[in-house]
């Protein structure tokens, strides 16, 4: 569209070419509210964006992109825990580093997850056996229409696997402005995944885990500053014990993780790899050579290139395993977020 003047290429880690009518950086609640009402008066859609690390622009955006840049970290403590109040615009990995530098362990398994703190509850980010829901105490949510802030308890957030109430009830018109983190002083290491299983729980430190997680992530995940990507493109599928048993019977080395409710989580990257898709390319988009779960901007890819590649991957995995992968990445069209699964079906 001719009125779309603001490039979003530097605002999404896929580095895809996309444009918006306007981009506003908001460092305060007041700026968020003012920009929201101005866009509403113009009858333009608004997209709230953090660091753009989990979005796929499949079309140009027809309205205003509002960058949440509310900063600040404060901490208090009692005999049982440390309590951090963190602005939504803070970088997640820098928060992890800050907590460890101040001898507050508990976030180390979540090191190097891209994005900002405000995006973390939306996805209920997780890695190496730890999810945000285990450390989140509350989320402060701004209703931009009313100009009011309400505190949502962790229980009210309805956290699920890469899911929360913020993807459903509190979508358009709401902005996360801060997140409360609670880190227990009775720290115990979580060592169930990857190279962490080789560590001694009696002697390991939070810094040891942090360093190991950083090494693992850097070895298999491309740096978005070098190669455009949005991290894990698909969710790891959670299936019934019966389906998992069938797959493990045919593929004894298939990674699988029993869940508390008796279901089993499978590794989406492994499923894709079994279809021999590493390096597979459509247009400018490709499957990463080291980690099949990551789709990359190989050479001037468009959003449609990524869509076509993701659709092909889903079909190949479904053909082989009768499992339909669901995207973890959020799909953004001209008026805002759209249903990713429907778009790939």
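Residue positions begin at 1 at the first shown residue.
Glycine too: its Cβ is placed from the backbone N, Cα and C atoms.
Annotated features, as they stand in Swiss-Prot:
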- 16-186: domain 'FAD-binding PCMH-type' (DOMAIN)
- 162: active site (ACT_SITE)
- 232: active site, proton donor (ACT_SITE)
- 328: active site (ACT_SITE)
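A coil conformation is recorded for residue 328 (active site) in the three-state DSSP classification, outside any helix or strand. Per-residue pLDDT, averaged across the domain 'FAD-binding PCMH-type' (16-186), gives 97. There are 19 other Cβ atoms within 10 Å of the Cβ belonging to residue 328 (active site). DSSP assigns residue 162 (active site) to coil in the three-state reduction, outside any helix or strand.
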